[in-house]
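The structure appears below as structure tokens.
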Amino acid sequence: MESMIRDIKLAPSGHDKIEWVKNFMPVMAAVDEKFSKTKPFAGKKMVITLHLEAKTAYMAEIFKHAGAEVAITGSNPLSTQDDIAAALVEDGLHVFAWHGCSEEEYFTFIDKALDIQPDIIIDDGGDLVHMLHTKRRELLPHILGGSEETTTGVHRLRGLAKEGKLEFPMIAANDAYMKYLFDNRYGTGQSTWDGIMRTTNLVIAGKNVVISGYGWCGKGGAMRARGLGANVIITEVDPIKAIEAVFDGFRVMPMDEAAKIGDIFLTLTGDKDVIRKRHFQVMKNGAMMANSGHFDCEINIPELEQCSVSRRTVRNNIEEFRQPDGRKLYLLAEGRLVNLAAGDGHPAEIMDLSFGVQFFSALHLLQHGRELKPDVYLMPEEINTKIAEIKLQSLGVAIDELTAEQRAYLNLD
Ligand code: ADE
């Protein structure tokens with residue numbers, strides 16, 4: 001199987017990046033140590049569609065060490081790092097991805113990776129599952145199951161399951177406690193601001209930062225914006241999340257109001273058209289917009305283009321949209337995930353947990369996939385505890401144990 005990547009000569013830099021993150025991923029190191037010996041995935045094939053950067057590469061290599069044949073593609077045209085793709089090819093994986101691929105190339109890559117005829121899949125955002133349920137249906141009977149990395153992908157899966165159209169068991173890795181509580185909150189919280197700050201080279205303190213969506217990702221984005229000294233405003237559609245934001249100490253208002261006063265806008269809702277024409281029309285000169293939701297539809301870019309008199313790149317990953325009245329509005333990273341398109345994704349210590357969830361979900365499907373009917377499942381609860389224990393040990397953090405009397409008091413035995 002031929003790989004499709006930008007340039008194999010980039011591999012040395014990719015290897016360096018992978019070596020770096022390995023130092024900070026003790027859960028994955030423990031997994032590698034154990035399962036490279038027992039090789040539970042021997043004879044099995046996997047297709048992985050994830051943001052193709054160093055942490056992802058480390059996990060893909062661990063699946064290979066554990067016996068699997070692995071084909072991998074990117075889950076977003078701008079998040080693939082070409083040196084990482086090259087390093088993985090050198091390490092014997094099948095790689096179909098390059099940075100800045102067109103929409104057509106993006107889906108061709110997934111299609112090509114599927115030629116491996118996978119037993120197990122890992123998806124991020126739902127495009128791989130979608131292709132299996134449409135163009136590549138002949139592969140369905142072979143599949144034991146898969147897991148999904150992100151909130152948006154889980155929404156799509158639940159929709160498919162509700163219509164009775166999901167054809168194999170999928171684990172909502174995103175919904176595991178050890179994933180969303182850390183990845184969505186602390187991961188997105190940090191990597192988003194890292195992406196925005198390295199792209200703009202501007203100060204965050206004192207700015208009005210408008211965060212749309214107060215789910216786990218929005219909570220993280222808001223918490224870190226506050227830490228950087230911003231005046232944080234939340235927009236929400238869910239009354240409960242809006243109250244949470246109020247009691248977390250943030251101002252909450254509709255986007256129509258926030259649009260007039262925001263300096264930086266950040267969308268993390270998973271929905272489309274969160275910022276649209278009527279908002280662009282009232283924004284301040286110099287307002288900046290970025291997205292950290294999975295798809296590039298949260299800021300309505302066609303409408304932004306339509307109401308602008310010009311569009312041009314003014315700095316790497318920053319486009320200026322000049323308005324008829326002379327105002328300049330800025331869009332970061334084409335409205336794609338700013339933390340991956342203009343950064344390196346979540347910190348390694350965080351992806352250590354998320355990919356621990358992914359590994360053990362795949363192992364669970366390997367062992368039990370045939371017993372599960374097509375549906376969306378949570379990762380078994382005890383795996384959360386196992387991952388947390390490995391992480392705590394690696395951090396040198398000890399915790400208390402219940403006494404026999406305490407266990408009895410809580411009716412635990
Ligand atoms: N790195 C790899 N996958 C990622 C994801 N889903 N979010 C952030 N960083 C990542």
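Numbers here mean position along the shown chain, with the first residue as 1.
Cβ from N, Cα, C; glycine included.
The annotation in TrEMBL ties ASP124, LYS179, ASP183 to substrate, and of the candidates under consideration, GLU103, GLU104, GLU148, GLU149, the one tied to the same site is GLU149. Residues GLU149, taken from the binding-site residues GLU149, LYS179, ASP183, GLY215, are distinguished by a CB atom under 6 angstroms from ligand 1. For GLY218 (NAD(+) binding site), the nearest neighbour among the listed binding-site residues (ASP124, GLU149, LYS179, ASP183), judged by C-alpha distance, is ASP183. Taking each of the binding-site residues ASP124, GLU149 in turn and counting other Cβ atoms within 10 Å of its Cβ gives the largest count for GLU149. The Cβ neighbour count for GLY215 (NAD(+) binding site), using a 10 Å radius over every protein chain in view, is 21. Listed binding-site residues: THR150, ASN184; maximum Cβ neighbour count within 10 Å falls on THR150.
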